[in-house]
Structures are given as C-alpha cells and as structure tokens.
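The structure appears right after this line, and notes come after that.
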Amino acid sequence: MLMKNEDKCLNGSKSALIYDEACLDILNTLPGQVTVAGQYAECVDCNYKTLCTLSVNESTSLLINTKYPMKMHFIFNDNVYCDWKEELFEHYRYGWNLSKDNCDLYIKQPADNEYLPILTAFIILFFFGTMWYMVKCIYKCTKNTAFMQRLYFSNGSVLQNDLGNTADNTPLVVESPPVAHKHPNRLKSIDVFRGLCIILMIFVNYGGGQYWFFKHSVWNGLTVTDLIFPWFIWVMGLSYSISLNKKLQRAVPRRQLIFLVLRRSFLLVILGFILNSHGKSVTLSALRFPGVLQHIGITYLLIGVVESLFTKRTLAEYEFGKFNIIKDILVAA
C-alpha cells in the first residue's frame, strides 16, 4: 500500500524523492500512545492498515505515495479520531499534529508544480505547429505570387507582339493554367484524430511521464489511457467504412475485399506475436497470445468480413470535408 520508509523523509531533504512521492511529518501531542492507520481512497471497502505507532511527544515521517488520494485516521484509547481524505501532491512535505480538536494537515515545504513539464511540452509543440502552418501559408502565397507574375509578363510580351505586328494572328491572352496535382480525398479530421491516438499511445508506452492520468485505472474510474484503445478501434472501423464504400463504387469484387481483410488481420496478429516474444526466450506454451495488435486484428477480421459481405453498393459519390459520409455510415449502422 504505502512505500517503506527508506529514510527519504527522515533526513528532511526532498531531493531524494522520485515520482509520486511526498513526505508526511506526524507529531503526537496527545497524553498517550496513538496508532496511525491509512488506506488509498482508490481501494473501495478496503480495511485500514497500520502505518506507525507513536508515544507521547514522539514524531516520525512517512513516505507517502501520491498516486491516489489518501484516507487516514488515528486511534487513541480505542477511539477513532480525524478520519480524513486528502489528495497529497508530489514532492510536498506535509505536517500533521495529532490532537482531538485539530485534524487539518498543513504544508511545511511546497514543491514545484508537477504539471509544469507537460504544460511546457504542449506549449513547445503548439509553437512548432503554428510555425509550420505559417511557413506553409507563406510558401503557398509566394508560389501563387510568382505564378501570377510569370503570367503577367507572358501576357505583356504577347500584347507587344500583337501591337507591333498586326498581321500576326497570335491571341492576345495566352492561357497557361497551372499543373493540377491530384491529391487523394481524405478526411483530415480522421487523420488528425488517428495521429493524436498514436501520439498518446507512444507516450503512454514509454511511461507517460509517470502522470496518473497516463496510466490505466487500477479498479474503478477512467483515465485517458483507458480511452486510447477504444478510440483507435473506432477510427479503424470508420476508416474501413469509408474505404469500403469507395471500393464498392469502383465495382471491386467482394471476394477480393474479404481477401484483403484476411491478409491484413493475419499480418496484425503475426506482428503482435512477434512483439510479444521480441528479445525473450519464450516457448510456445508460455507465449502470450492476447495483445493489442491481436485484439485489433481479430476485431478488424470480424467487422471487415461482415461489412464486406452485407454493405450495399452505392453509386453516389460522397462529399469529403462535410458530414454527409459520417451521417450515412451512422444511419446504415
């Protein structure tokens, strides 16, 4: 439950504290022996555990895990006092004077804001994203201006030739349209949402900075980490519906669609097995078959086969960038 006291808090220095650790200094001001007990608020209907026992005017310092809110009280003469619930913050040093009249904690030594690093990271990413968008806009404007200048000078030379030689049948205006580059029709909102899911997935897999909302909920509750997998599955299903409708409009045979689903599902499952056994000497009996990619592969197989068999062919083209395609998919579902 609580960390063992490794003399981190007894020496009065907070430099030795790591993630999700705080110090709680307890002083017994009562005329008798007291027993301090506590438990995580996340642990529903769990019994309190004894943390320390203090004699008269004795003090101690406990190393507290701040990952979840704490519930604590002390027992004096077989009576329970000061049954409180508090959320302690990382690297803080708190004080608690045990008495019947005052049950409040007080801050003895504050710490830096634990959310400052992640706020700084988001500000930096926002700055670079804004700069990238501005560079793209400047490049497009410069490119269009250069094209208009070339078109203007080209038309001016044609006009001079026409005025100087009336027998010339060169047209006054020469149309030179820009070369059209075909870009695939994509829903940028889906691409952005998929990229956000992948960024969060990578960040969580590498520890998530040890922030509680970048970790799975232990028992009850919901964090951002618990939503990444459902988000990714939803995006995968929506993307497949869009791709399937376009393939059906091009009269792609259904057996070919099913074959593509089977191949992709097989590759996802095989890649999941490889990642689960990477760098390990694992026998077939000890190999872990469930995994993220395996779940995605099986889900893609079931949904893809059902959609490929029963989705109706449509002739109308969808308008990307609007809500028409999403509305039709939700209505069909």
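Backbone N, Cα and C atoms are what each Cβ position is placed from, and that goes for glycine too.
As written in TrEMBL, here are the features:
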type     : residues : note
TRANSMEM : 115-135  : transmembrane segment
DOMAIN   : 186-306  : domain 'Heparan-alpha-glucosaminide N-acetyltransferase catalytic'
TRANSMEM : 192-213  : transmembrane segment
TRANSMEM : 228-245  : transmembrane segment
TRANSMEM : 257-275  : transmembrane segment
TRANSMEM : 287-306  : transmembrane segment
Query raised in the report: Which residues of the same chain, at least 6 past either end of the transmembrane segment (228-245), have a Cβ under 8 Å from a Cβ in it?
Result: 187, 190, 193-194, 197-198, 200-201, 204, 257, 292, 295-296, 299-300, 303-304, 307-308, 311, 314, 318, 325-326, 329
Report task. Report the listed stretch (115-135, 257-275, 287-306) having the maximum count of Cβ pairs within less than 8 Å of the transmembrane segment (192-213). Result -> 115-135
Query raised in the report: Is the transmembrane segment (257-275) packed against any residues at least 6 beyond its ends, judged by a Cβ distance under 8 Å, and which are they?
Result: 244, 247, 287, 289, 291-294, 296-298, 300-301, 304-305, 308-309
**Report entry** Average pLDDT across the domain 'Heparan-alpha-glucosaminide N-acetyltransferase catalytic' (186-306), rounded to a whole number
**Finding:** 85
Query raised in the report: For the domain 'Heparan-alpha-glucosaminide N-acetyltransferase catalytic' (186-306), DSSP counts of helix, strand and coil?
Result: 88 helix, 0 strand, 33 coil
